[in-house]
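Sequence annotations record features per position, and here TrEMBL assigns Zn(2+) binding site to C251, C318, C319. What TrEMBL lists as domain 'Hcy-binding' is 11-333.
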Amino acid sequence: MGHPAAETSSFMTDFLLKSGGVAIIDGGLATELERYGADLNDPLWSAKCLLTSPHRIRAVHLDYLEAGADIIITASYQATIQGFEAKGFSSDESESLLRKSVEIACEARDIYHDRCREGSPDSNDDGRVLKQRPILVAASIGSYGAYLADGSEYSGNYGHAITLENLKDFHRRRVQILAESGADLIAFETIPNKVEAQAYVELLEGEDIKIPAWLSFNSKDGVNVVSGDSLFDCASIAESCKNVVAVGINCTPPRFIHGLILSIKKVTTKPILIYPNSGESYDGKRKEWVQNTGISDKDFVSYVNKWCEIGAALVGGCCRTTPNTIRAIYRTLSSRSPALSSK
């Protein structure tokens, strides 16, 4: 048996205590991979780098750790067995690519801890945070819509043909593999509708999954999740599952987050996690970000203290946020809480 229920329920609260009350999640992956020279024009998106350039993924994880992130999310968001098989990989090869996403993140954590031992934080003028601390590796699972790569994770509209059982069948093997891969938890991200949340919870409960998970929804109106399903209903599904150790919102414009935290608080006793995008809008048809629709790191961070005051316990960034965003969050939170600053 995996975590006994009590152990799972204290998993995140214990980690948050060690992190000084608020933990920092990393930021966007794809933009940074492109900055390192990766070409992501592919239905596999950032998962393509698991094949072609794992060193780039590791470098991005390290950048985020050195910016102050306490949790790094693996490059498996778009990595599905079905997606790899469509590219001609065998199921064994597909499964090993999923495991590889976790291995790369664990390697980055080991390298980071080595750097912390070697470098003294005091002589550190380059802005890198080299501070021994507990770091979690979260294995990312994107929605069925992410696999379709047609923007439907931003609409949650899967049509009537897709049922709860279809979704469970679609995700089952990936959840099992990532649960046994050495990750600390599973991050179900950008969940667009209620039925997919239900599928995840039933898999966690029915497949004897041994590690905890978080559920994170996305919203485009600040009221409901993107499909129009009620956030109250979605957060209630997360709340009902013992294996779920945090519930929240990602890939949503910062201006909506305040109201969404207040909504989730009405339903859940679990820690609330928030990692919005930069506020830019994504054109799913053209597969590109609409320029100049986002906010600056300075504005992004100005929200963070407020979010923490009203109940966010894990804070980071999603699409189009960078290590600079995460470093700014780290500085903001360090100045706010004596427990967080290394002095």
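Every residue gets a Cβ built from N, Cα and C, even glycine.
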Zn(2+) site shell beyond C251, C318, C319, criterion: Cβ within 8 Å of Cβ centroid: G28, T190, N218, N250, T252, Y275, P276, N277, G317, R320, T321
C318 (Zn(2+) binding site), number of other Cβ atoms within 10 Å: 24
For the binding-site residues C251, C319, the one whose C-beta sees the most other C-beta atoms within 10 angstroms: C251
